[in-house]
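> Can you read through this structure? Questions will come right after.
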Amino acid sequence: MSFKRVGREGLLLAAAGSAAGVVWGANQVALSIYMASIGMSPALIGAVLGASALFSAAGSLAVGYLADYMDRLRLFVLLSLAEGASLLLMAIRSPVVVSAAYLLFMFINRYPVWAAVMGEFARRRGASDELFSISSALNVAFSVLGAAIASLPSYLGQLGYDVLFAAEASAVLISAASAYSAIKRLGLASIGAEKVGLRDLLRLRSSWLLKRLLPDALIGLGAGLIIPLFSLWFYLKFHVSLASLSVVYAASNATLALGILAAPVVSRALGSRVLSVTVLQGIATAILAVMPEVPSLPAVLALFVVRNTLMNMANPLLTSLINDLTPKEERGRVFGAWNTLSSVPRAVGPAVGGYLMGAGYLDLPLYITASLYATAVASFYVLLRGVEGSLQAGG
């Protein structure tokens, strides 16, 4: 990977938007267990996580439109302040308050704003693969810190959760302050668009691309079934402690960060981002399918780490491809709509996964997810295998 084209400014921009990875890393480990500790059943936890995906989808679409029609710097800062406040509310040990605060946090979706800003800078530098890979790797690196912090409740009890949510809120606010400096310096705050309205989404020049990305809905549905409940699956099936899970997730995210940095190398070796995404996610899907059949905990944990790395190595390559295929004035809406494609079906998954686990079918969510992933990966390749040729032809 060449860091030269990204430059110091690009590294600063990527780091500023990635600091909130602390939240992702911590919640990946501790959220479902925290909810269980305050009296929420697996089915209720699954229902809340499922509803959160719907809130995320609605927020993603709304924020995507705002990102194309208002100052992106101001929007990012306002959303960050609201996210920080919602995370602090999570420390109140009431199922109602925790559920409401988490749903609010998921609705306040900063991703379309940041993706639009990053996309514009990447296109200016001609370094989409590199910049999005660096950003994803930094996000995962920060999530390692989050996963480590998630072990605090094992040593401090309920006080550990208070410290955890305070740390998450601080990470969001720090990322907002850093982003303010980076965006201001680079002049990426606003991009004008001509029209506004939800119906305008169908008239986007990039609507053809969104239609070909529909298989991502199956990825979202499958991910919702098990990904937010993976720590609960380990906890229920193998009786793994929260402290041990924290170490596993930290190691998994550290490995993922290194893998993501290698994603452009894979893309260049295979000569296609579409083929690279297909191969990486295809192997990850096969690993997921065999995990329930492995009786050894160390072996399952190793497979978990490898699967997580391969599946997510594909993300920056796909993001880069979408960015290069999308006009700059449409990026906020396209990234928002793309996120919505997977977020809406993702909402169904946790409730179903939580119900199946609560009923004693611990492994069934993994099998269903593997089947959905396999269908999505094959469809993705068929629908998008020719787009890179047209991109090269268009310059």
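Cβ atoms here come from the backbone N, Cα and C positions, even for glycine.
According to TrEMBL, the protein has these features:
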DOMAIN    208-395  domain 'Major facilitator superfamily (MFS) profile'
TRANSMEM  41-66  transmembrane segment
TRANSMEM  73-92  transmembrane segment
TRANSMEM  98-119  transmembrane segment
TRANSMEM  131-151  transmembrane segment
TRANSMEM  213-236  transmembrane segment
TRANSMEM  242-262  transmembrane segment
TRANSMEM  364-384  transmembrane segment
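Give me the structural setting of these features: burial, nearby parts and distances.
Per-residue pLDDT, averaged across the domain 'Major facilitator superfamily (MFS) profile' (208-395), gives 88.
Long-range contacts of the transmembrane segment (131-151) within the same chain: residues 1, 3, 6, 10-11, 13-15, 17-30, 118, 121-122, 125, 163-164, 167-168, 171, 242-243, 245-247, 249-250, 252-254, 256-258, 260-261, 263-264, 312, 315-317, 319-320, 323, each at least 6 residues beyond the stretch ends and with a Cβ under 8 Å from a Cβ of the stretch.
Sequence-distant contacts of the transmembrane segment (213-236) (same chain, six or more residues past either end, CB-CB distance under 8 Å): 28-33, 36, 42, 45-46, 49-50, 53, 242, 245, 248-249, 304, 322, 338, 341-350, 352-354, 357, 362, 365-366, 368-373, 375-377, 379-380, 383-384.
Sequence-distant contacts of the transmembrane segment (242-262) (same chain, at least 6 residues past either end, Cβ-Cβ under 8 Å): 1, 25, 28-30, 33, 133-134, 136-138, 140-141, 143-144, 147-148, 150-151, 153-155, 231, 234-235, 301, 304-305, 308-310, 312-313, 315-316.
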> Going along the chain, which residues at least six beyond the ends of the transmembrane segment (41-66) come within the CB cut-off of under 8 Å?
32, 35, 75, 79, 95, 99, 102-104, 106-113, 116, 196, 198, 220, 224, 228-229, 232, 332-337, 339-340, 343-344, 346-355, 357-358
> Restricting to the same chain and to residues at least six past its boundaries, which positions have a Cβ under 8 Å from a Cβ of the transmembrane segment (98-119)?
13-14, 17, 20, 31, 34-35, 38, 40, 48, 51-53, 55-56, 58-60, 63-64, 66-68, 72, 75-76, 79-80, 82-83, 86-87, 89-90, 92, 128, 131-132, 135, 179, 183, 188, 191, 319, 323, 326, 328, 331-333, 335-336, 339
